[in-house]
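Chemist: Copied straight from TrEMBL:
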| type | residues | note |
| --- | --- | --- |
| BINDING | G53, V56, N60, N314, L440 | Na(+) binding site |
| COMPBIAS | 1-15 | compositional bias 'Basic and acidic residues' |
| REGION | 1-35 | region 'Disordered' |
| TRANSMEM | 77-98 | transmembrane segment |
| TRANSMEM | 119-146 | transmembrane segment |
| TRANSMEM | 197-220 | transmembrane segment |
| TRANSMEM | 232-255 | transmembrane segment |
| TRANSMEM | 275-296 | transmembrane segment |
| TRANSMEM | 308-329 | transmembrane segment |
| TRANSMEM | 428-449 | transmembrane segment |
| TRANSMEM | 470-488 | transmembrane segment |
| TRANSMEM | 500-523 | transmembrane segment |
| TRANSMEM | 544-567 | transmembrane segment |
| TRANSMEM | 593-618 | transmembrane segment |
Amino acid sequence: MEKEPLPTDDDKTETTESELNGYAGEESQQGSTEPAARAGWNSKVEYFLAQVGFSVGLGNVWRFPYLCHQNGGGAFLLLYVLLMLVVGIPLFFLELAAGQAIRQGSIGVWRYISPRLAGIGYSSCVVCFFVALYYNVILAWSLFYLGNSFQYPLPWEQCPKQGNLTVKECEKSSPTSYFWYRKALDVTDSIDETGSFNTYIVCCLLAAWTIVCLGMFKGIKSSVKVMYFSSIFPYVVLFCFLIRGLMLDGALEGISYMFYPKLEIWADIQVWRQAATQVFFALGLGFGSIIAYSSYNPKNNNCHRDAFTVSAINFLTSVLATLVVFAVLGFRAKGKVVECVVSNMEKLSDHLHSGDVDTILIPHFNFSDPGSVSVEDYTVWFKQHGHDVPGNLTECDLEKEMQKGVEGTGLAFIAFTEAMSLLPGSPFWSALFFLMLLNLGLSTMFGTMEGILAPLTDRFKTLAKNKTKLTIFSCIIGFLIGLLFTQRCGNYFVMMFDDYSATLPLIIVVVFETFSVSWLYGADRFLDDIEGMLGWRPHVIYKYLWKYICLLAMLGLLAATTIRMFITRPTYMAWNQDKVNVASEEYLKYPGWALAVMALLIIFAMMPVPVALIHAVLQDRTKLTSRDTEIGRYSIVNTDDKCETPMTDMSDLDQRSTTAASFS
C-alpha cells in the first residue's frame, strides 16, 4: 500500500490516528493531529533563541576547546567543519523538516512514519530524562559557585588555615582544586564510598529544578521569555572575556597553541570518532528537542535555511569560546611557567654559590635577577644543560601547563576559576562566568525538558490536558532521583551518566531515524513533502547523503564507540588526597557493579525500540485475525482467485463479498 504524504495545512484539523497511520494498517481511537490549532512561536526570533539556546550548551565552552587543542588545533577545526557539512547539517535538516511537516513531538513523528518505529521517540524521551538528571546537577554546582563569588577575596584564592597551619590537603594540591573537591563536593576517594548528602548542593539542586519548573510552567510561552536573556547573555559574557583576555600576558601564546595545525592527526581514527561525536552532540541530534521545537513552526518556514544558520551559529560560538578559554588559560599557564623559571633560577643561584655547578653549564643570560629571565631563554638552556645541573631543575613547558585540567568540570571549576582569581576585580569576573554557565545550561535544559514533555503530551490526551501538572511532576521526580548526584560520590555518577547514559543510545536512535526516513518512508517522498512545504525542492544530494553517507557515518561511529567500550575498560577520574607528595586526580577503573549500572542505563534507554516493534507486530496480527473472523462470519465464501493479504483494503473485501452474494 502506498504511504501517505506528510500532512499539509489543508488537512482537516480533526482526524483519526488510523488515518495518520493508514499505510500501516493500524486502526486507533479518535485523536487529533492538531496541525492548525497547535501552539506556535510568536516570532522567528523566539524560535531561533530556543533552537540556538538548546544546541549551544556547556559542551561548546568546556568540551570543544579541549578536543581542538588535543587533536591538532586548526586541523581538527577543518575536520569538524567537514563532518558538520556532510553529516551534521543534513541530519539536523532532516529532524527540522520532519518536526515541521508532521507537527508532532518525536513519538508522533516516528509513529506517523510507522507505528512499529514509535519506540524511537520513546527512547529519545528516556535519554532526555537521563541527561536532565545530571545536567541540572551541573547547574546546581554553578549556582553554588555563583553564590560564593560575592565575597572578597574569593574563597578559592588561597588555602584555608587550621590554627597557624595551612590545611595539608590544600597545600599538597592547589586552592582551586581543594575548594572544588573538598568544599564544593566533599568528594570520596572512589565511587565505592558513598558518603552522606551534601546539604549545600542539595539546596542548589532544588533551586535549579525550581528555576527549570518555573521556566517550563506554561510550555514554550514561558520558557521563551527566559530565553531572551539566557540565550543572549552568554554571548555578552564571552565577548567581555575575550576583550579582557586578549589584554592579558600569555593570551597570544595560548591562542597560538590552540590553532597550531597538526595535520598528521587526520590519520588517527580516534580523532575522527571524537570529531563526529562532538558534531553529533553539539547539534543535539536524537534528543527529540529539535523535532519538538520545529513542530511549533508554520508549514512554510524555511527549515533548510534554519539548519545552516543554527549550525553556523553553533560552530562560531564554539570557536569564540575556544578563543576565550585559551586566552585566559594562556595567561594562567604563563604565570605558572614564569613561577617555575624563577624557582629554578633561584635553585641554580644557590648551587653556584656552593660551587656545585660547572662553569660550562652556567647560562649566558642574567639569572641573578630571576624575574627578568624569559621563558624562551630558559627553555633553550634547559634542553642543553638542564639535566646536568644538580638540584632537580624542572622543565617549564607552557604547552604542558595548558593541558592540565582543560576539559569538562576541570576547566570550569578548577583551571578557569584559578585564572579568574588572578584578575583584578576577580569576584566580578567569577560571578559573570558562573552566571554565564547557568544560563547556557538553562537554555539546554529547557530544550531537553521539551524533548520529554512535547512527545508525551502529543501522544496522550490525558497528559495534554494536564501539561502543567506533568511539568511539575517531572521536575519533582528529577529532583528526587537527582539526589543520587548530591552524595559525596555524586561527581563520579555524573561522569558515568555523562559518558555512558546518552552516547550509545543516541547514536542508535539517529541510525534508526536516518534509516526510517531515507529507506522506509523514502528519501524521494520525503523531499516531495519538503517541496510541498517550502515551495521549492532541496538539492538531490540530500537523498544520497541521508541514504548512504550519513547512515554509514553513524554506523561507523556506533561501531567505533562500541568497540572502544569493550576493548578499553571504562575509567573515571577520582580525587586522591592521600598521595605522599601531592593530592591529585587519578584514573580508576569502574567496579563491576558500576559496569552493570552502565549496561542497564544503555539497555533501558534502548528497550522502547524493540518493545514498540513487538507490540505493533502483535497488534497487527491480532487485528488481522479479528478481521478474518469477521469476514468468515458475515460473508459467503468467494471464488475469486485473488487472495487476501494483510495489506488488502477492507473496502475491497466488502465489495468482493457483495459481488459474490449477488451471483449466488
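Cβ coordinates are placed from backbone N, Cα and C, and glycine is handled just like the others.
Because the structure is a prediction, the values reported are computed rather than measured.
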Chemist: Can you work out whether the transmembrane segment (119-146) touches the transmembrane segment (77-98), with the criterion being 3+ CB pairs under 8 Å where the paired residues are 6 or more apart along the chain?
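Modeler: Checked: the transmembrane segment (119-146) vs the transmembrane segment (77-98), no contact.
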Chemist: In terms of Cβ proximity under 8 Å, which residues at least six beyond the ends of the transmembrane segment (428-449) contact it?
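Modeler: The answer is 50, 53-58, 60-61, 128, 131-132, 135-136, 138-139, 142-143, 145-146, 149-150, 154, 211-212, 215-216, 223, 226-227, 229-231, 233-234, 237-238, 240-241, 244, 284, 287, 289, 292-293, 412, 416-417, 420-421, 471, 474.
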Chemist: Sequence gap of 6 or more, Cβ distance under 8 Å, 3 or more pairs: do the transmembrane segment (275-296) and the transmembrane segment (544-567) meet that?
Modeler: yes
Chemist: Using the Cβ centroid of G53, V56, N60, N314, L440 as the reference point for the Na(+) site, which residues of the same chain not in that list have Cβ within 8 Å?
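Modeler: Checked against the 8 Å cutoff, the neighbours are V52, F54, S55, G57, S231, P234, T317, S443, T444.
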Chemist: 10 Å Cβ neighbour count around G53 (Na(+) binding site)?
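Modeler: For G53 (Na(+) binding site), the count of other Cβ atoms within 10 Å is 27.
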Chemist: On a simple 10 Å Cβ count over all chains shown, which one of the binding-site residues N60, N314 is most densely packed?
Modeler: N60
Chemist: Among all protein chains shown, how many Cβ atoms are found within 10 Å of the Cβ of L440 (Na(+) binding site), not counting that one?
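Modeler: I count 29 other Cβ atoms within 10 Å of it.
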Chemist: Same chain only, please: residues at least 6 beyond the ends of the transmembrane segment (470-488) with a C-beta under 8 Å from a C-beta of the stretch. Say none if there are none.
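Modeler: Beyond its ends, the transmembrane segment (470-488) has Cβ neighbours at 129, 132-134, 136-137, 140, 185-188, 193-198, 201-202, 205-206, 209-210, 212-213, 216-217, 219, 449, 452-453, 456-457, 463, 494.
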